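A.B. asks: According to Swiss-Prot, the feature transmembrane segment maps to 20-40, 63-83, 99-119, 127-147, 158-178, 181-201, 209-229, 265-285, 298-318, 336-356, 365-385.
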Amino acid sequence: MHNPTPRTESPSALAFIKRFFAAEAAGGLILMAAALAALIVANSPLADSYFAALHTVLAGMSVEHWINDGLMAIFFMLVGLEIKREMLAGQLASWSQRALPGFAALGGMVVPALIYVAFNWGQPDTIGGWAIPAATDIAFALGVLSLLGKRVPLSLKIFLSALAILDDLGAVLIIALFYTSDLSIPMLLAALGSIAVLVALNRLSVKKLLPYLIVGALLWFFMLQSGIHATLAGVALALCIPLGKPDEEASSPLLHLEEKLHPWVAFAVVPVFGFANAGVSLSGITVDKLLDPVPLGVALGLLIGKQVGIFALAALAIRAGLARLPDGSNWGQLYGVAALCGIGFTMSLFIGALAFPGAPELVDEVKVGVLIGSVLSALLGVVVLRRFGARG
């Protein structure tokens, strides 16, 4: 009897897999697939099992809370590492480099929030969601941008990355200042003590990551119990991890941790979050429902507010001589990138869950608004960039 030899991947197939996971678009594409899968499952016979699994309690918290409070702390730690690296040695290391993405990020947070507030003014139950459309999903946006290939100059990708870093910094500050529940003073003091230990480790030039990670885990627990959102522990930990000197890049604790975390966050943490949070039943969604203040404010905040706010303030900074267009780009491409920034998936859904705790119907409305606004923003951005990329 013939025994077939075990199947092995061909060199070309392995090369393709490596290229796929190395591509900028890969993380965004996997997140898109996870979100689509969640929508399909939530509107299939498996819906009851899907929602029951998310609400299963493990060690005192539901699976959904473990994902949003636990796994997302790892996401926020990577965000913190990227912010610190870019501020100290990257695309945001000088004021001149910060000018264009800084003005753009400011406009991209303020105008969407104002649009949401305009639709929800006088609605005490929903006005608290004003920050939902103020966020940009860097994985989605860069994923879509990368699919356009050489139509988009590298300088625009760098601009989008820098803008998203500042956008994330703004979102972190918003969460810390506006979405903090009743505080437990003893746990808050314990959290502050943990941060003091992390700062001391940094000042003592401790290079090993293990002490930071142990204290960081304690910080996460104390923040979880204190009333401050536990994910902010990831940011605080990241900001205390040393970058090192420019000539010590190979031994940099920050760069080493960022390199190790990035694939886990891109290909595991964020897709799991997307699958757990994008699932919404569309059976009760009508045109009237879509015109409710929350989904309308979120969708238009992302679709209109992002592109108007980013492009207007970026143009103002350029015209005033405070910044200049990214090298090799044109005004049309800048507008296309501004439109892409209306993709607000991960952070928008995250803030939506914080804004409306205990109100699942409002969270579902947020999901619908985020999905509509993000998809339309992606389509608009692609159309504009294809139109102006050929000429740019």
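Yeah, the Cβs are placed from backbone N, Cα and C, and that goes for glycine too.
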A.B. asks: When you scan the chain for residues with a C-beta under 8 Å from the transmembrane segment (209-229), skipping those not six or more beyond its ends, what do you find?
C.D. replies: 69-70, 73, 77, 175-176, 179-184, 187-188, 190-191, 194-195, 197-198, 201, 236-237, 240-241, 253, 256-257, 354
A.B. asks: Are the transmembrane segment (63-83) and the transmembrane segment (298-318) near each other by the rule of at least 3 C-beta pairs under 8 angstroms (pairs 6 or more apart)?
C.D. replies: no
A.B. asks: I'm a bit unsure how to read this: which one of 158-178, 181-201, 265-285 has the highest number of Cβ pairs shorter than 8 Å with the transmembrane segment (99-119)?
C.D. replies: 158-178
A.B. asks: Are the transmembrane segment (158-178) and the transmembrane segment (365-385) close enough to be called in contact, which here means at least 3 C-beta pairs under 8 A that are separated by 6 or more residues?
C.D. replies: no
A.B. asks: Considering only Cβ pairs within less than 8 angstroms, which of the stretches 127-147, 181-201, 265-285 has the most against the transmembrane segment (63-83)?
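C.D. replies: The stretch I would name here is 265-285.
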A.B. asks: Restricting to the same chain and to residues at least six past its boundaries, which positions have a Cβ under 8 Å from a Cβ of the transmembrane segment (127-147)?
C.D. replies: 23-29, 31-32, 108-110, 112-113, 115-117, 120-121, 156-157, 160-161, 163-165, 167-168, 170-171, 174, 178-179, 266, 270, 294, 297-298, 300-302, 305-306, 337, 340-348, 350-352, 355-356, 362, 366, 369-370, 373-374, 378, 381-382, 385
